[in-house]
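So that you can see what the record holds, here are the features copied from TrEMBL:
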- 18, 19, 20, 21, 22, 23: ATP binding site (BINDING)
- 371-445: domain 'Lysidine-tRNA(Ile) synthetase C-terminal' (DOMAIN)
């Protein structure tokens, strides 16, 4: 058996055991070598109930074996039977996550032939290079934001080698009848395609494994290159820096769409649209899967449609006191409140015990009682610091502030007279001067650049 246990020395390993041939062989193998490598061994069994009485039978078999072998076992039974294989897998991984709190890693019995089946299945579906990675010897799976380590000690072993080990050691097991049904796509590859391929090209499964490892190395390199293109500016979107290499750009876009926004059903055509957006005119947008993508100053920005719509309509995306940030306005402190007239002004005049670093400072005594905090409206004017009055939209253009963000930047306004553009600039009308009294106020708003 081609198994490298050296790297698992001194670890606490929990084996996922279904009672089938492969998992029973793995449990037996690790138990037989546990003392040699100082491995602390436990087992877990997941009964999702999808196969009725046979599921319960298999779980009872595993429990009996572990009791005789002296292997601690954790058993999980689904409260509600999963309705699909994907649901069953998600539930099973939830069990792995729970048990991973008591061990260093969870071991599954995937082997060389499983990897070959996965690669062939993905290839037949027209996968990209990532689908050629197959099944790795170990990785981290994340569930609910919490990663846990999975190991696959048998991944370099063939099904034949495992069968021989089972026979040589008289290892008991139970058969899963679904493994022999020809109407399962994976079973057709397992029982028909792969044996025929191995007959035509002896050692095909092992050759496919070598190929998948090379593909994984190439894919990892491309992912690292793609990651360097991504700038996250939550919650208003993620930017992709310009990249003429489609193979790199496509991976960056796919990561944003799937990992950041959870849209895993994207298509290659949509990724192509995003790539071409780089070469479109500034402001050009593309809507897909509830997302908006824009060309902005040589970059592509991808954002949630609701966030874009809120900014475009000039309405707040979130409650003002928990205002979502962008690159112009990082945070508005507790001195800001909704309201009009004297109550609002009194809140502003209270100031803060300490003036924050990089804060915009203004003279609260110069703020009219009718002022209020709001968002951009038609007809707004701004007297910039240092003098000179402009239409607010024109002033935003001078400042190179994107149209999509203008409606989400909070303003202190007296009618259409803008006194403060939070995070950017104060009006000449409220500047601090030698006559400013103790009621000077400070607005905490970061204005760092990307």
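A Cβ is built for glycine as well, from the same backbone N, Cα and C atoms used for every other residue.
Sequence features, as recorded in TrEMBL, placed on the structure.
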residue : record           : Cβ within 10 Å
18      : ATP binding site : 22
19      : ATP binding site : 25
20      : ATP binding site : 17
21      : ATP binding site : 21
22      : ATP binding site : 22
23      : ATP binding site : 22
Residue distribution over DSSP helix, strand and coil in the domain 'Lysidine-tRNA(Ile) synthetase C-terminal' (371-445) = 14 helix, 23 strand, 38 coil
May I have the list of same-chain residues other than 18, 19, 20, 21, 22, 23 whose Cβ is within 8 Å of the Cβ centroid of the recorded ATP site, in sequence order?
-> 17, 24, 25, 109, 173, 174, 176
Residue 21 (ATP binding site) - helix vs strand vs coil (DSSP) = helix
Predicted model, mean pLDDT over the domain 'Lysidine-tRNA(Ile) synthetase C-terminal' (371-445) = 81
